[in-house]
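Chemist: Mind looking over this structure? Questions follow.
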Amino acid sequence: MTRLAIALGDPAGIGAEVVLKALAHRPSLNPLLVGCRQWLQASYEQLLPCCHEPLADPSQLEILDEPLTEAITPGSISAAAGAASFGWLTRATEAVLDGRAQALVTAPIAKTAWHQAGHHYPGQTERLAELCGCDDAAMLFTARSPQSGWRFNTLLATTHIPLSSVPAALTPERLERRLGQLEDFCRRFRQRPRLRVAGLNPHAGEAGQLGTEEQRWITACLQAYQQRHNNLQLEGPVPPDTCWLGAAQAWNDSQHVEEGCDGYLALYHDQGLIPVKVLAFDQAVNTTLGLPFLRTSPDHGTGFDRAGQGSARGASMLAAIDTAVELG
């Protein structure tokens, strides 16, 4: 079985809670948790009286101990918490790279806390890419429907940048690289995958009336890619407002799984994350492609407003753990 390293995320958030809730459902796993042993044990003892779900006992888990340097207040953003989560991610990544684990699961971090600690990265994905010496890591969100069993895969061509910066960041070279990553991932599940690419502009440009990128180069880029890769079905650019309609049908009804594509390529962050979160909020898993190992993360944030209360749901973290075991 794939051994996981699990970085515990921002200690002021819900990372410890969702990890312990998820691991309570997978007692046969032998993960390596990376964080502060004393803090994790204290969090467990604080959660026990108010939590209505089972929790894994940290004393029964292997922990790579990286102690906190100062006290952390649940729900409060701080440089100390940012420094801790940054260090825990680094140590967990090193554990995978040196063979102590085969895949990485990361609990959520707060970018503001990282910045306060002097670590100016857009997110964990970019730090992981740096640690691994990779310059082209990509964010893919995957989920399996509990209603139909269909697997929903959406990859982002661009990630944490302002919307105004997307047209310049979106180049033919980037689009082709992202298509290649999506194709490779989807071949795990189907030999001849069907991929769909959303347009950049409303109605995919409306023949140049609402934007020109589709006419100027996106359509030609997709056609050229299809010609070079004939063992797939490539659709696009598809008007964004209808691109994921088939995904909704496939997600909700096992009789319509063929309406969904094997993979979707969104051209910017919210274009892809809106359908993912509408359909699969508790099931979606953030998966990083382009690293020398598989990394997954739950598709939610630090949950500062719920920290220490026992009310956080562990379903998305459990999905992240299961996905890492399955695909890692």
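Glycine is treated like the rest: Cβ placed from N, Cα and C.
On a predicted model such as this, the values are computed, not experimentally measured, just so you know.
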Chemist: Need a hand: Swiss-Prot gives His160, His203 for divalent metal cation, which of His115, His119, His256, His269 is also on that list?
Modeler: His269
Chemist: The substrate site in Swiss-Prot lists Thr125, Lys277, Asn286. Which one of Arg144, Arg295 belongs there according to the record?
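Modeler: According to Swiss-Prot, the candidate sharing the substrate site with Thr125, Lys277, Asn286 is Arg295.
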Chemist: Which residue, out of the binding-site residues His203, Arg295, shows the minimum number of other Cβ atoms inside 10 Å of its Cβ in this structure?
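Modeler: Selected from the binding-site residues His203, Arg295 on minimum Cβ neighbours within 10 Å: His203.
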Chemist: Could you state the whole-number distance in Å separating the C-alpha atoms of Arg295 (substrate binding site) and His160 (divalent metal cation binding site)?
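Modeler: A Cα-Cα distance of 18 Å.
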Chemist: Among the binding-site residues His269, Lys277, point out the residue whose Cβ has the most other Cβ atoms within 10 Å, with all shown protein chains included in the count.
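Modeler: Buried the deepest by this measure is His269.
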Chemist: Work out the three-state DSSP category of His160 (divalent metal cation binding site).
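Modeler: Its secondary structure by DSSP: coil.
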Chemist: Indicate the candidate from Thr125, Asn286 with the smallest number of other Cβ atoms within 10 Å of its Cβ, considering only these binding-site residues.
Modeler: Thr125
Chemist: Roughly how wide, in whole Å, is the group Thr125, Lys277, Asn286, Arg295 that binds substrate, by largest Cα to Cα distance?
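Modeler: That value is 19 Å for the farthest Cα pair.
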